[in-house]
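Reading through the structure tokens given below for one structure.
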Ligand code: DGJ
């Protein structure tokens, strides 16, 4: 791994075992993108982009008139604004004279080992300097007194490049950053499929793959959160790319607020990818000598198909995005009371659930919504984080003690960013929510959003939370967030800075999360936003696991978990076994199917145990026991997708442990059919020369991966599932 700069060729070559990333500086100091693809040992060509005159409609920079060089066509690292490139650029800045033209030139660069922290922002990290090298390239627009620092980090052990940008105003007056993106990648061709994950509530991360065509494709969120409707992710893959072969270039934005990801295929069939904070509700006043730091983008290159991409995301996120003591620890099997009680509970009811849960081996009890203020419905009490003594006569402390006596640890639901109009907090501070003065504020689930961009608001909430957490030995927090921003205004902020609110909110949220996770390292945080509404890499930096969806139906979950696994490893993805008929969509499924879907991730229960038959309880106990026995494999093994439930009647996947001696395969049939074709499933990730025991047979890894197993015919009925265990016997000679 390394970063080389050739003085003679004025080229940067970043490479590790997997990929190369090459840029070059022209004689006129333009920084151009040359190559991002499979690792090259060397690169000999210089000034490779042909100078071709594209007519007078593609302007030339003044000093390069009639040279065939136009910013409208070349592959750039940092396209400016209104200076000849009519494609979408990285910036939109209003200068003191009211104009916007911006063009950046190379000034200098610095190469160092390791990776610097991004102040106040989540980011991937290293634990030792040898794990990565970093490059900072400084560009300037001297006329505008604007300095840009492009930061690149290449990791040694992952096929990962990260990019972020700092914007510095070294002029004497403030400038307005109307748009300040994090990364650009220009490619000379456009023969790609675009993979993205649009979604909705209870339908998060739906996988879509379409051919890229000319024009702009915009994936974004204006919700003040990364949101349910798009994941800040996209991948460009060659049309022939499959799960296991072909090239992939993937981009994931490490941020939890408004984002934009754009792919533009230009008139010459070249492709530009841009990512960063959405320009919607964003305008940052950059004062003289101040710097604006953008969040980073994680780029993954794979020439081993989509699965190859996922392996790098999984390892990076598990090992160098998630933090804290829980990162490498097995996660507990929990039970959450939400779907069994909703708001209607008292201590007795909860303790009955706890005692029943203990009997089947559950390790952690999570008290969900409804435990505080007058919270008997979703119309009230957010902001009043004081236990309801009618429901919990001995308070949280008393309940915690009783739960611990049953040998379970205790966890709590919170929604700290929200406020109900019906709350003491609102009565005391009617201007603490995001709103526009003298303008009606929209409601979502009857609630308003606390203005986390304001310090005093954050401090007041922190004071309430720390009062609880200092007193009650809580071991887990489910941090929920159930609506998105509207009428984004911040009381007391100057009119010039109002458009900083949405981003300042996210920075404020990150500050609170940093403080809490540092102060309470023993607490396992689970990120939730009405399900997976803010399940993004920014949140994963603070919270090592996320509730993937409010939809707990096994078949819908099959798809959600399948696409979530593109980027997030199973240990980060929470799945819970729930009742049938399913509470969200009413589907009836067998216990086995529901269990196998939930056991395929970070497993828990959200069901009413009181109503279960002795037979079902016995079965659930066995599932929990199985999970506990195999949790290392599920949570820390390698995960491989086998059958895509979006394109066929089956969904399947498998887990393989580190030394490839133990694997588990899960296969799901969606609908039953007459005269159905046979289904052979080829496994992956095994050791070809190892001999494995599979249901009484001894088969080599090679046979299992190339021939496979006939499995489909063994599934009969709608929504059925099977699990296969594979254990190594010995090495073949
Ligand atoms: C939304 C979450 O996704 C649910 O699991 C539950 O915690 C409710 N909020 C509680 O209001």
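Every residue, even glycine, has its Cβ placed from backbone N, Cα and C.
TrEMBL annotations: computationally assigned, not manually curated.
What TrEMBL records for the substrate site is 201, 368, 369, 478, 479, 480, 481, 482, 528, 550, and among 223, 445, 454, 504 the residue it adds there is 445. Across the domain 'Glycosyl hydrolase family 36 C-terminal' (652-721), the DSSP tally of helix, strand and coil residues reads 9 helix, 28 strand, 33 coil.
Same-chain residues at least 6 positions away in sequence with a Cβ under 8 Å from that of residue 369 (substrate binding site) are, in sequence order, 338, 342, 343, 375, 378, 413, 415, 480. Cα-Cα distance from residue 478 (substrate binding site) to residue 550 (active site, proton donor): 13 Å (rounded to the nearest whole number).
The record assigns 201, 368, 369, 445, 478, 479, 480, 481, 482, 528, 550 to the substrate binding site, and the maximum Cα to Cα distance across that set is 19 Å.
The local packing around residue 482 (substrate binding site), expressed as other Cβ atoms within 10 Å of its Cβ over all shown chains, amounts to 22.
Between the CA atoms of residue 201 (substrate binding site) and residue 550 (active site, proton donor) there is a gap of 8 Å.
Following the DSSP three-state reduction, the secondary structure of residue 480 (active site, nucleophile) is coil. Cβ neighbours of residue 550 (active site, proton donor) (same chain, under 8 Å, six or more residues apart in sequence): 201, 202, 530, 531, 584.
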